[in-house]
Amino acid sequence: MNKNVMVKGLTALDILTSLGCAENISDQPHSIAKAEKNVKEITDATKAPYNSVVAFAGGTGVVVGKNTIVTNKHIAKSNNIFKNRVSAHHSSKGKGGGNYDVKDIVEYPGKEDLAIVHVHETSTEGLNFNKNVSYTKFADGAKAKDRISIIGYPKGAQTKYKMFESTGTINHINGTIMEFDAYAQPGNSGSPVLNSKNELIGILYAGSGKDESEKNFGVYFTPQLKEFIQNNIEK
């Protein structure tokens, strides 16, 4: 991946600054104008698919089964992941699903930026994780020109972890790499990429440093990746 491609997690910005990419992620009027057409805040995240989305410190994840969240390796590797709790479908106005401590992490053994995070079932508020989230179903597949949406927490700390959804189109898929034009920002790492039926196609992991509204990248869930995830869902 070239210098204009950058990881979308706030935890990675220190590394990327040396590549001259970090400043390109914000304050681009032409990008913002495009984003206004296809980005909306989700103020009530208590219903599917929004209640399957969780916030990490500097990233996003999606619930796929009992106590089981899918996100990026670079989010899971964050030094803060065990210190900062996972917040289930936090939004600006809706009732959140609780804050949960991380139990363990399982990284995908291949090069793909994919990891499984297991959380403890009971939140600090005494809520049950599995009763307060929904599990996102996997899509059978996807192809170029399919419409998609991504849901997550762009610039989480700056926006006080408001949830946003953006829509776009798949440009192409090559193996486990998916390129699409849905707008994303730092904090969207690990955001679910959903089809028109709100089925899980993959997760976002990086984007273009020139114009995030034109080119972003996701880990496309091939049968092999889906098998890895399913084998690591808590029973």
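Backbone N, Cα and C atoms are what each Cβ position is placed from, and that goes for glycine too.
A quick note: this is a predicted structure, and the numbers were derived from the prediction, not measured.
Feature annotations, courtesy of Swiss-Prot:
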type	residues	note
SIGNAL	1-35	signal peptide
ACT_SITE	H74	active site, charge relay system
ACT_SITE	D113	active site, charge relay system
ACT_SITE	S189	active site, charge relay system
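Spacing of H74 (active site, charge relay system) relative to D113 (active site, charge relay system) is 7 Å (Cα to Cα, whole number). Look at the Cβ of each of the active-site residues D113, S189 and count the other Cβ atoms within 10 Å; the largest number goes with S189.
For H74 (active site, charge relay system), the count of additional Cβ atoms within 10 Å of its Cβ stands at 21 [all protein chains shown].
The two recorded residues, D113 (active site, charge relay system) and S189 (active site, charge relay system), have Cα atoms 10 Å apart. When secondary structure is read from DSSP and collapsed to three states, H74 (active site, charge relay system) falls in the helix class. Mapped onto three states, the DSSP output places D113 (active site, charge relay system) in coil.
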